[in-house]
Amino acid sequence: MSQRFVVTPAVGGAESPDPATTAEPALVDALPILNYGREPSRYAGDGHSRENSPIVNNGDMERESFFEGKNMALFEEEMDSNPMVSSLLNKLANYTNLSQGVVEHEEDEESRRREVKSPGMGTFIGVYLPCLQNILGVILFLRLTWIVGVAGVLESFLIVFMCCTCTMLTAISMSAIATNGVVPAGGSYYMISRSLGPEFGGAVGLCFYLGTTFAGAMYILGTIEIFLTYISPGAAIIHPKSEGDEAMALLNNMRVYGTCTLVLMAMVVFVGVKYVNKLALVFLACVVLSILAIYAGVIKSAFDPPDIPVCLLGNRTLSRRSFDVCAKVHSTNNGTGTTMLWGLFCNGSSPSATCDEYFAQNNLTEIQGIPGVASGVLLDNLWSAYADKGVFVEKKGTPSVPVAEESRSSSLPYVLTDIVTYFTMLVGIYFPSVTGIMAGSNRSGDLRDAQKSIPTGTILAIVTTSFIYLSCIVLFGACIEGVILRDKFGEALQGNLVIGMLAWPSPWVIVIGSFFSTCGAGLQSLTGAPRLLQAIARDGIIPFLQVFGHGKANGEPTWALLLTAFICEIGILIASLDSVAPILSMFFLMCYMFVNLACAVQTLLRTPNWRPRFRYYHWTLSFLGMSLCLALMFICSWYYALFAMLIAGCIYKYIEYRGAEKEWGDGIRGLSLNAARYALLRVEHGPPHTKNWRPQVLVMLNLDSEQCVKHPRLLSFTTQLKAGKGLTIVGSVLEGTYLDKHTEAQLAEENIRSLMSAEKTKGFCQLVVSSNLRDGMSHLIQSAGLGGMKHNTVLMAWPESWKEEDNPFSWKNFVDTVRDTTAAQQALLVAKNVDLFPQNQERFSDGHIDVWWIVHDGGLLMLLPFLLRQHKVWRKCRMRIFTVAQVDDNSIQMKKDLQTFLYHLRISAEVEVVEMVENDISAFTYEKTLVMEQRSQMLKQMQLSKTEREREAQLIHDRNTASHSAVAARSQAPPTPDKVQMTWTKEKLIAEKYKNKDNTVSGFKDLFSLKPEWGNLNQSNVRRMHTAVKLNGVVLNKSQDAQLVLLNMPGPPRNRQGDENYMEFLEVLTEGLNRVLLVRGSGREVITIYS
């Protein structure tokens, strides 16, 4: 018997149930699997009714009533953020990638976009046929025979093999990336961007979009060229007005017909991708028939070669567009008469007319243009025949009588070369014929299973087309005469297509097949390019392209199609296929290069998410493909390669500067993390050498009640000090516990980051939640940074509110922070009156940065003004260095020594030595000390309870007793000098300490007679106050108008009972100055005279 348990009814129902029916609790089965077996349509496999599941259908049922008594009650509080596995699997199983484009499916579920049913095309129709149509394009029918004739069979084979190897290696890399997760619409862009990041992805994706769009223009131009040259030459609308206007008239006709064809194709694409595929099948059938006709013609030529005579004058090929009989004279009823060819070379039709010298001395012969595969002509076509522009197309081995002066008049019917030919140029012309390998991946949103279809279809298409190209090269060289191969436009064949004359049963099979092949490739380009642009626009990485992410209700990219048609029209208006093709090669090669780079980076990084289903890849293959792509770019055209890289670089910087920040887990970020890890491990853990020292700053920020930064000018000063160099950590402390304050911590961190962005502070933000501010600041000083990249300097603002009664602990935290930095051997910078410091937009046109060098603690005082003057704010300020001389010092020699020292430091500054005259302590100093001690006592009384007051009274009594003992001991033994490095020498310091105190003591007694309470003052505090007052007067006298004053910061007292007096000393020391930076060095040298 199954176990049974009680289920309590839900609270808050619509109506109160009948008491009679609720007397006994309901009993239900504790085995939900049995219910699932009885009603599989109502249960999701997790024991919950699917109609009530808040995860699947987001029902309004109360959480408590739903999970109460269920098997998963232990996890019920996590269900809001962590869904049930069964629900997640159900979502993934019903996932369609067409509707969401390139937005991740998590974001799509949140926005609840309407799902659109995918057309669900398979490998054959969705990938194999589009790739086949794009690859078997214009070059195969219009240029491949000419390439074989010019480069020879061997070099042509090398060209095709090199290009096909490049595309095969790229397809292997692309297959690995495509099978490493779901590939939404815009496949090639999506693969690059998610593997190399938004900057690389956007730059390469946009270049690939432009390449695909101009490829559409190239295919349309090829279609019109076939139509006007081989199908219907009489269909030209614009006719030449004179003999020299034929080329311009042809270009204008191509512009008119090309524009009409583009509009027609755009309308077909707008109707829908289904109709494009139906038309593509018809076009591809013609292409397949054309290729079969070529192979059939080759086989037929082995035993029955076609009769296609070619006329040669000497060894020069003649164009048969203007004559029919290959002879100088022919027999007639009245005897012998001249032919039409005679009239072309002579100035009359009579036998006595003056003729061209070469025509007169050489004989006319006829050879077979297509001797057949068994003729042995392959040996003659093995080697290249590169030539300059305007050179005669000649047959090697045929006797010819040379003449002294050549006549190259355009009226003579010679076949001439139209361009300069060389190996690298032929590579650039041929490569666009293999650039259709991305046709399937570009339409991945229309595929049923992109991960399976893209690798299989693409690689099969490349294998098929590579076999066709390579076999055609060998067969063309074995069947067709070399002079016919080098005749680009078939002039020796009366203007017929060369490859068409080889085909069986009719040349029109090839002509019509090539026409529909280029039409199909153009349609495929116009189908893929708008989807690529739509994918880029929907990602939002390029702001001005956002509008092109919208489309029709079924997902068709309408606006992107309009822009594609407009750019394609620009290519058509160029009207020169040879001008567009090299640029296409650059853009496609750049895209292929980055696909290989993406695969190589992901493989070498071994990221946990890199788990492709396609196993036949290796990073060496990707690296080889990337190198081959780069080599082919510069082989084709080095200046086009540089131009394409410049465009991609500009797009990259634009996305980096203006684009949205995206975290896609890309390989470049992984590469950066690996490089950072490697660099951190290489950095020495100990302190760097003096020559490599620079301030790595930890900026301590204070936050208000709304988690906003109190002193934003502190970040401005950080930017001016760092100038973008070195490490900057911006830290802050929130008081409380992390569980209670994590929301406020996130808000504060966002505010700090936005302020850092506004102030252009390049660094890291680190926020700590601690039970009290003191511990939090101590934690930051100890733990901020990582490995060797730790801060060595702390920058903080002076606590202006330390005297206020409602903030009694601010001065205590400040003094303890000073002690922490000293213990950690870190430098400390304290900005006083920080709100008066300049913003980054301000510029000082004049003024001084004054450095008061009292104590030498490592040279940080010298280095800071030099760093500040690198920034535009402080660039025009001059640096002045002041040092203090005692009565016994030689001021002149000190100034010379300081100037020499600065010269060796390579720092330009004015030097001044200020003499401090030894005099008695003034009544003003005693009065300031009295007020200070009274305030200290008051502050202590505010913080002490009754018990603590008694303890404090005892401490005061003990301290007074100890001070009397110390005075008695001081009269017997000299004091030990403090361990500080000062600008004066150690001998002078010892002499100063050993001075006789009798006169001072007598002076004290005289002053005590004026005010009796002065006699109770701590004499140590009196001396410190005397130094602060006197030094403040000297600084005010010299630097009151300075833009910034840098001053040595004295250390806190060793006895913690005098912390509040320490704050008063610093306040008196800097009184009356506008901008002050108190500097306390770490004690180690940070500046050196050596190189």
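Cβ atoms are placed via backbone N, Cα and C, with glycine included.
Small disclaimer: the values here were computed from a predicted structure and weren't measured.
Here's what TrEMBL has on this protein:
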DOMAIN    127-298  domain 'Amino acid permease/ SLC12A'
DOMAIN    421-698  domain 'Amino acid permease/ SLC12A'
DOMAIN    829-1091  domain 'SLC12A transporter C-terminal'
REGION    1-23  region 'Disordered'
REGION    958-979  region 'Disordered'
TRANSMEM  121-144  transmembrane segment
TRANSMEM  156-179  transmembrane segment
TRANSMEM  200-221  transmembrane segment
TRANSMEM  254-273  transmembrane segment
TRANSMEM  280-299  transmembrane segment
TRANSMEM  419-439  transmembrane segment
TRANSMEM  459-485  transmembrane segment
TRANSMEM  497-523  transmembrane segment
TRANSMEM  559-577  transmembrane segment
TRANSMEM  583-605  transmembrane segment
TRANSMEM  617-641  transmembrane segment
When each of 121-144, 156-179, 419-439, 459-485, 617-641 is checked against the transmembrane segment (280-299) for Cβ pairs under 8 Å, which one has the most? 121-144
Sequence-remote partners of the transmembrane segment (617-641) [C-beta within less than 8 Å, at least six residues beyond its ends]: 162-163, 165-166, 169-170, 172-173, 175-176, 424, 427-428, 431, 582-583, 585-586, 589-590, 592-593, 596-597, 599-600, 603-604
With the transmembrane segment (497-523) as the reference, which stretch in 121-144, 200-221, 419-439 has the largest tally of C-beta pairs below 8 Å? 121-144
Same-chain residues near the transmembrane segment (121-144), Cβ under 8 Å, at least 6 residues beyond its ends: 215, 218-219, 222, 225-226, 277, 280-281, 283-284, 287, 290-291, 429-430, 432-437, 439-441, 443, 446-448, 452-454, 456-458, 460-462, 464-465, 468-469, 472-473, 476, 488, 497, 499, 510, 513-514, 517-518, 520-521, 524-525, 528, 577
Given pairs 6 or more apart, does the transmembrane segment (200-221) have at least three Cβ pairs under 8 Å with the transmembrane segment (419-439)? yes
Top stretch by Cβ pairs under 8 Å to the transmembrane segment (156-179) (candidates 254-273, 419-439, 459-485) is 459-485
By Cβ distance under 8 Å, which residues at least 6 away from the ends of the transmembrane segment (254-273) in the same chain are close to it? 119, 216-217, 220-221, 223-225, 227-228, 237-238, 279, 443, 446, 519, 522-523, 526-527, 530, 554, 556, 558, 561, 565, 568-569, 572-573, 575
Can you give me the average pLDDT across the domain 'Amino acid permease/ SLC12A' (421-698), rounded to a whole number? 84
